[in-house]
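What TrEMBL annotates here:
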DOMAIN    7-338  domain 'Carbohydrate kinase PfkB'
BINDING   Asn15, Ser16, Asp17, Gly43, Lys44, Gly45, Ala46, Asn47, Glu145, Asp275  substrate binding site
BINDING   Asn190, Lys234, Leu235, Gly236, Ser237, Asn238, Gly239, Gly274, Asp275  ATP binding site
BINDING   Asp269, Val271, Cys326, Lys329, Gly331, Ser335  K(+) binding site
ACT_SITE  Asp275  active site, proton acceptor
Amino acid sequence: MQQSQYQICVLGSANSDHFLEVEDFPKEGETIASKKSYLKNGGKGANQAVASALLKSKIIFAGQIGKDELGQLLVKEMTLAGVDLTALRKVDEQTGQAIILLNKKGENLIIIVAGANGYYETLDVLPQEYQQAIEASDLLQLQMEVPQSINILAAKYMSQNDKITVLDCGGKAEKLKSDFLENLTIVSPNETELERILGEDLNMNADSNVEEFLSKTIHDKVFTRYPDLIVLLKLGSNGSMLVTKEYSVRCQTVTQLNPNILEEYKIVDTVGAGDCFTSAFTVSFYNSLIEYGPARISTLRKIDVETQKKLFYKAMHFGSASAFLCITKHGAMPSMPKFETVDNFIKKYFP
């Protein structure tokens, strides 16, 4: 099989992030003061494209920006990171924006202005630039900050051609359609986003074992309809858990595995951590998979279960290390770590 031009196509949003630092989040009707404000490049799609490029993957980004100064700032930073922007479209709408309140604990509240990210003349056909980008790529990364119809068209193409699609469920809070889920390879929600996939509240008992409850819920309510789907659950400070119909893999955060890390690093800003985790996981997964053949769904299915578990654990651990390094710096896109930084971190703390 001929090698693709790109390892990964990231199709998604590109935003300008406006940060406001506050002591605490405002209560309803309350006016508060911000200690500091600043502008950073972001958007889940752009963040993940930059993260993957810095982790030494050949990346093409498919997305939309406005013909404004904010869009040009995104182009500059993404180009410097090594992202191919030949599939980036400039449209007659303002570049997407995110207003981010950041409190003293490093927690955040985010308001999204879709702008160019939601501006499509038709939702029935993929833009030609996107089509060419995904055709030239082995793997597709998606998020929920562009219209779901666009995501579905891209995922269908990948599935029909035995190609892998990874969806980060972060973004717009909407239920995932069945023709979207059935064309995904890996879906990565947090616990709240899992409810969107299920279309119902989890209603977890306070005394429940979280991992057993989530695993059983996924088996009962996801795999009955989508048996081939792989679910990568992001559990925040509790790490991650990957669940398939046959097995599950649990990975703690790097600080749970080695608390000494916190003696040398300080958590300053959690913005972008989920994007970083998904991209780092995907890059590691891709690099491991191609050792067994082309980066295809059929290649993964031919690998024995124990080897699959090791492959996924390695990817989850690499994702955890990358995401931790991300939250030790301010901003989303500017905080994405380089491969050498992550590699040296893992070698130092997990020899």
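Cβ coordinates come from backbone N, Cα and C, glycine included.
Curation plays no part in TrEMBL annotations; they are all automatic predictions.
It should be emphasised that the depicted structure is a prediction, and the values quoted were computed from it without experimental measurement.
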Check: same-chain CB within 8 A of K(+) site center, minus Asp269, Val271, Cys326, Lys329, Gly331, Ser335: Val268, Thr270, Gly272, Ala273, Ile327, Thr328, His330, Ala332, Pro334, Met336
Shell list (substrate; ref centroid = CB of Asn15, Ser16, Asp17, Gly43, Lys44, Gly45, Ala46, Asn47, Glu145, Asp275; cutoff 8 A): Gly12, Ser13, Ala14, Asn41, Gly42, Gly96, Ala98, Ala332, Met333
Distant-in-sequence Cβ neighbours of Asp269 (K(+) binding site), under 8 Å, six or more positions away: Leu102, Gly106, Asn108, Ile327, Lys329, His330, Gly331, Ser335
Lys44 (substrate binding site): tally of other CB atoms within 10 A of its CB: 29
Candidates Asp17, Glu145, Asp275: member of the binding-site residues with the richest Cβ shell (10 Å): Asp275
Across the domain 'Carbohydrate kinase PfkB' (7-338), average pLDDT on the 0 to 100 scale: 94
Sparsest-packed among the binding-site residues, when each Cβ's other Cβ atoms within 10 Å are tallied, from Asn15, Asn190, Ser237, Ser335: Ser237
Cα separation, Asn15 (substrate binding site) to Gly239 (ATP binding site) (Å, whole number): 27
Largest separation between Cα atoms (Å) of residues that the record links to ATP, namely Asn190, Lys234, Leu235, Gly236, Ser237, Asn238, Gly239, Gly274, Asp275: 17
Sparsest Cβ surroundings (other CB atoms within 10 Å) among the binding-site residues Ala46, Leu235, Val271, Cys326: Leu235
Spatial neighbour of Asp17 (substrate binding site) that is closest, considering only the binding-site residues Asn190, Leu235, Ser237, Cys326 and their CA atoms: Cys326
Rounded Cα-Cα span from Val271 (K(+) binding site) to Leu235 (ATP binding site), Å: 15
Count of other CB atoms lying within 10 Å of the CB belonging to Lys329 (K(+) binding site): 15
Between Asn15 (substrate binding site) and Val271 (K(+) binding site), the C-alpha gap once rounded to whole angstrom: 13
